[in-house]
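Trainee: Just lifted these from TrEMBL, have a look:
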- 1-26: signal peptide (SIGNAL)
- 44-143: domain 'Cadherin' (DOMAIN)
- 144-255: domain 'Cadherin' (DOMAIN)
- 256-363: domain 'Cadherin' (DOMAIN)
- 369-482: domain 'Cadherin' (DOMAIN)
- 483-586: domain 'Cadherin' (DOMAIN)
- 583-697: domain 'Cadherin' (DOMAIN)
- 710-734: transmembrane segment (TRANSMEM)
- 751-866: region 'Disordered' (REGION)
- 804-822: compositional bias 'Pro residues' (COMPBIAS)
- 849-866: compositional bias 'Low complexity' (COMPBIAS)
Amino acid sequence: MKNQNKKRRCIFLLVSLVTLVSPSLARQTDYAPYFYDNGPSSTNGNMAMFSISEDTEVGTQLYILNGTDPEGDAVWFGLTFQKGTREYMRVDPKSGNITLIQELDREKQGEILAFVSITDGRNKVVETIRMFVTDANDERPEFQNLPFTVDVAEDTEAGSSIYRVQAVDKDIGSGGSVNYYLLGTTTTRFTIDGHSGVLRIKAGQTLDYETTATHFVIVVAKDGGGQYKGKHQVLTSTATITINVLDAQDTPPAFIGAPYFGYVYEVSLPGSEISTVFAKDGDEGNPNPIHYSITNGSEGVFTINSTSGCISLSTYPVTLRNELYEIHVKATELGPSDELLDYYTMTVVTVRVVDLNNHPPTFYGENGPQSQFEVTMYEHPPEGEILRGLKITVNDSDQGANAKFILRLVGPGRVLRVVPQTVLNEAQVTIIVEDSAAIDHEKGKSLTYKLLAVEIDTPERFSATADIVINLLDTNDNTPRFTSEYYIARIPENSPGGSNVVTVTANDPDSGLWGEVKYSIYGSRSDLFLIHPSSGIIYTQAWATLDAEVKSKYNFYVKAEDTEGKYSLAEVFVTVLDINDHVPEFHDSLVERTMVIGAPVRVEAIDADAGSPNNIIEYSIMQAEPNNIFDINAETGEINLKSYIKSMEIVQNITKQKDCRWSLVVQARDRGSPSFSTTAVVNIDITEATQVNGPMATFLLQSRDNPMKALGMVAGVISILVGVTVLISTATFLRNTKSNRIMPARRIVIRRRPPRDRKPWTFNVPFRGNGNDSSNKFIVGDPEAGSVNVNNKGGPRWSRSKPKPTPPRAPCLPPPSCPPPSSNTRPSERPRPCEAVPTVSGGLTSKVSRGSSQSREISISSDTSRIPVSSALVSELKMRLEQKIIESNSSYY
């Protein structure tokens with residue numbers, strides 16, 4: 001019982017312990033992450049059975065590794081390769097993006113083994129994957145067993161297979177299939193099977209070793225095409241097949257060096273060699289030996305060696321009955337067993353019986369022996385051309401070695417050559433052109449050569465000569481050429497129309513009409529010029545006027561042309577020479593200038609001539625009074641005071657004129673020949689430098705040499721003031737119109753009191769008129785000059801009469817006050833004489849009768865400027881008038 005209780009307690013404790021521990025164990029369990037398996041067609045997952053095209057660009061994102069962790073923790077991905085293998089891809093650990101980092105090549109590695117991993121930081125799962133590289137059409141077909149060389153017998157039948165080419169394309173599918181074709185099938189004698197590559201002789205064609213021993217055929221291997229980087233691509237390769245044609249026995253032999261000649265001399269012995277013939281098999285690739293035999297014409301006195309072809313004399317010359325023998329020799333091919341074949345050829349050997357060397361070489365023409373031959377031909381014949389007009393034969397009547405001689409052409413070297421150069425007995429002489437350029441009619445109308453024939457192996461060395469005279473006919477082979485590539489001419493601008501400018505010369509060495517040269521002129525700047533078509537004299541148009549100031553340079557082209565249109569060009573440069581035909585001109589004949597002491601003033605004249613020295617101007621002072629106060633710069637026209645004149649005091653000591661104004665006569669003279677000049681009067685106001693204040697003063701000082709500029713400025717200011725005045729007057733008029741009255745014009749007159757130490761001065765003015773006429777109270781009379789009377793029209797009138805009684809004395813006016821001069825005042829800053837303060841006067845029209853208003857009007861004649869009335873009197877009259885106006889205004893109101 002006690003044991004059962006213990007067991008129960010143990011079971012209870014165990015169950016309780018398991019119950020308490022189970023949740024904590026569950027919380028401590030950590031599961032490994034894993035990949036998603038989305039199948040081979042998916043672009044994300046565990047990359048199982050993944051395939052990639054070999055033309056995929058480097059940098060392309062290929063795949064996304066995708067997986068998860070059961071606990072939801074973050075995962076990282078990895079990609080590794082076997083050691084020693086290339087790493088084609090790289091993975092981003094966080095995103096799982098797999099990027100291609102090296103180019104793929106299925107032909108080198110079609111399957112890639114790699115390891116992908118996923119980890120949550122504690123557990124890591126690694127899986128092995130196999131990636132398959134799919135094919136792209138990136139490989140060209142490659143020919144096998146290069147180079148291709150084929151030996152084919154020339155008698156191979158048409159359509160026969162002669163070779164098989166093979167090309168392999170490492171691609172698979174359509175890109176790995178290969179087809180063949182030949183380039184230039186229209187000219188070749190061969191054809192190829194497009195699938196098998198078997199090369200055959202084209203139907204209807206045969207091979208001929210003698211015509212073409214070697215054929216070169218270009219074969220092209222083309223794959224079936226396929227995709228490469230998104231485009232359909234077909235790749236080809238080419239190779240050259242060299243076909244050597246093997247010669248077959250199908251051509252008869254041929255003699256070399258025919259025709260053959262032989263000679264029998266008086267001293268010849270039996271067995272002497274007369275001549276040797278030589279023949280060779282026409283099948284040069286595989287020639288057969290040749291057998292020689294005499295078939296006819298030997299008459300038993302000549303024999304031939306069947307192997308060497310040497311013809312020999314078999315008897316003494318004295319037994320020969322003929323002087324000439326024609327021996328027929330046959331050359332036959334021998335078979336492998338030295339049997340005679342059916343291929344043979346024939347030739348004739350001419351044998352002449354000659355005596356001793358007792359005849360020199362002789363030149364013959366159409367009519368017998370001749371020592372001079374003449375031919376007429378055009379210059380510059382083609383090189384290699386035969387002078388067919390020469391019919392020359394050379395002969396030596398001796399026999400054998402006595403009739404062997406050489407031909408030489410003596411004359412200008414390497415122009416002509418003679419053929420043949422070695423002659424045995426007789427030959428037709430041919431002269432061939434070697435240097436066409438040397439046969440030139442312009443260098444010489446004829447060529448003379450010596451044709452020399454000299455025996456070679458005889459002791460006598462007999463020889464003969466003949467003159468070869470070649471008369472040349474001219475052709476138009478030369479282009480007119482100017483004596484210079486360009487011509488430079490100069491012509492004065494005052495030349496009349498039709499003046500000669502320059503003469504151009506072109507030479508054409510050809511004769512006759514071909515040597516005549518015609519000149520013409522053209523160019524955009526040739527309008528003013530003409531050229532004589534035959535003499536080449538260039539002259540100006542009759543209406544042309546040259547002016548260097550308008551245009552001084554002309555250039556154009558001249559053309560020299562012969563009758564067949566051959567021409568050359570030269571450029572002509574014409575310079576129009578400037579003539580001193582313009583007079584210097586000042587801007588104005590009267591020049592006003594203001595001169596500040598220490599600063600120059602400038603005058604300027606312009607000469608319209610084009611060049612120096614005609615437009616170079618020299619300035620000089622022609623007249624000045626006094627003449628020792630000014631200097632002028634001859635080049636610039638700047639006028640300066642003499643260096644010793646540095647103040648106005650010196651100027652005033654020189655002249656009695658108080659206004660300090662001089663008139664100079666300045667001359668402007670050019671340096672041309674003849675020289676022209678002009679003069680201008682320059683009025684100069686001399687003033688002393690003063691301190692300028694304000695922009696207006698600165699502007700006026702800067703414009704002292706340009707009065708028009710200052711005048712324009714003043715006119716502008718006056719226009720603005722007039723406009724403002726008009727606006728104010730209009731506004732005032734409108735206001736007064738509304739109030740129907742005229743407001744008084746109030747003016748303030750300021751009078752200066754005289755200083756105490758100066759006595760007041762008076763001025764007596766005689767007045768005429770009565771108090772009834774207010775207009776007459778201001779009539780002024782001069783006691784010395786006469787009196788002023790009023791005519792019937794109310795105007796003043798002067799008349800000589802007895803002096804009137806002295807009128808009442810006018811009130812005294814205070815003299816203008818001037819501040820006493822300072823002790824430290826400089827001479828240039830001494831005060832000027834004081835002037836009276838000006839006042840403004842005016843008249844008002846009140847609402848009174850027209851007659852009374854007219855009585856208030858003041859009329860002052862312009863002739864009063866000639867009356868010696870001082871400014872003080874004028875001021876007094878103005879003040880009286882203003883006082884009267886103020887009183888009338890006061891009474892009005």
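Glycine is treated like the rest: Cβ placed from N, Cα and C.
Annotations in TrEMBL come from automatic prediction, not curation.
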Trainee: Of the residues in the domain 'Cadherin' (44-143), how many are helix, strand and coil by DSSP?
Mentor: 0 helix, 47 strand, 53 coil
Trainee: Within the domain 'Cadherin' (483-586), count helix residues (DSSP H, G, I), strand residues (E, B) and coil residues, in that order.
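Mentor: In the domain 'Cadherin' (483-586), the DSSP-based counts are 4 helix, 47 strand, 53 coil.
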Trainee: Across the domain 'Cadherin' (44-143), what is the average pLDDT of the model, as a whole number?
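Mentor: Within the domain 'Cadherin' (44-143), the model's average pLDDT equals 87.
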Trainee: Using DSSP, how many residues of the domain 'Cadherin' (256-363) fall into helix, strand and coil, respectively?
Mentor: 3 helix, 52 strand, 53 coil
Trainee: Helix, strand, coil residue numbers for the domain 'Cadherin' (369-482) per DSSP?
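Mentor: Secondary-structure composition of the domain 'Cadherin' (369-482): 4 helix, 58 strand, 52 coil.
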